[in-house]
């Protein structure tokens, strides 16, 4: 043996140090500084957020866009997955590759693609206006953002849901049919109860994904649209008033909302879990 | 309760058989075609715009050209941003591999409980949005002894957390697929030091896993915008920040840029997926 043997835990030390410094410490800093008020401790930042119509609007809009786009995305993903289980293998493979591909299309490039498609001089905008189908498309509005968010929720939803759909056995459908169940009865009593855990957890992931989204919306509207992530970023990296402590408080509100959504899902899930999968 | 649908109604059990050559597409095919169209629309429009010489008042582009791509690839600012993105990604991947590989190996050999802990730890980068982390990072590393904000170093170090979940899972899976403990013991019985055993026996056996982890993490890192823009911005302009700053440029030019970026991502993912296909069957257990 050459040289002294180093203790094995030394191999963990650099990782632990880097993980603490760049993942744990920033989070701790946010959690602590949210309660810092001019050298003292207090809830003033949270009171300010709760009292400000501007911040309240940002929170509501974030929730609204996230929830609506998640419901739409989940619905479309569910329909697509159901169709995929019933379609032929080749079409199924095409769908899976295509959703994989589109799930990589996110952030700033996605925003630019939507500007080309649906911006003021967008390809689709001009075509639809020309055909007289719509008066105007407003991409930089709540409904415009919901369209963009829904678009990136669909591939994610399909990728997360499809394994559960693939687990629906043909025998169950046959058995239900033999027992006299129609399509509706099958879905109500067999299909949906089995899929419920997967649907719920996918929905949670989609909502969290949308709540934390920043790149796409920033590239679309810069800071002019009022959302939580936009406000947080603007408080620490904006042009005018930097208020890192207030940013921490708002960031903590966002994290608490995300944790809350996960806890609600956990609270609903166990019952359906024991019912459905076994 | 009387169900309206309580009468036995036969369900299509298998795929409907083809009766003739010209059959109406089933409702499932229509649903899938609709979803495909919806997902393809922004991509097709951007590709069309990148290849169109002009696309203004007409339904379809007026002429096809590669001029926008040629212009893009002759722009020094774009090439510089490309170089910076590659530099940061390669640096971050090398750092991540150096930090994570020892942990993955030790979790499969020395400390069996560590794997369980790691699987919980690696959820943290998913659970905390980058905007939230940025708030802390900006304050912690903006001044003082560790003044990293505004330099590429902060990105290399922060990107390690982005690569972590994927890299750890892939490495742990490929290590689990082979018998690491026995291979290490065998090598050491034959006189190799633990380091030698690791580099000559274990590493060649998990090469495919390492390559998958590298290619796929690479594609995430090249696409990263939030940290790049908030922590560094124009002081070390990466591809995504460059794209965002090109807002005022011609739509054809930015479309060519978007398509170029997406192609890079696709090639990287494809290289990763190809490695996954080559992985021996035992590895998938």
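Positions of Cβ are set from backbone N, Cα and C atoms, glycine also.
Nobody curates TrEMBL annotations by hand; they come from automatic prediction.
Remember, predicted model here, so these are calculated numbers, not experimental data.
Per TrEMBL, the feature transmembrane segment maps to B:27-52, B:86-107, B:119-142, B:148-168, B:212-232, B:253-273. Under the heading domain 'ABC transmembrane type-1', TrEMBL lists B:82-272.
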For the transmembrane segment (B:212-232): best-contacting stretch of B:27-52, B:86-107, B:119-142, B:148-168, by Cβ pairs under 8 Å: B:148-168
Surrounding residues of the transmembrane segment (B:253-273) on its own chain - C-beta under 8 Å, 6+ positions past either end: 43, 46-47, 49-50, 68-69, 71-72, 78, 211-212, 214-216, 218-219, 222-223, 239-240, 242-243, 246-247
Distal contacts, the transmembrane segment (B:27-52) - CB-CB under 8 A, six or more residues away: 61-66, 68-69, 251-252, 255-256, 258-259, 262
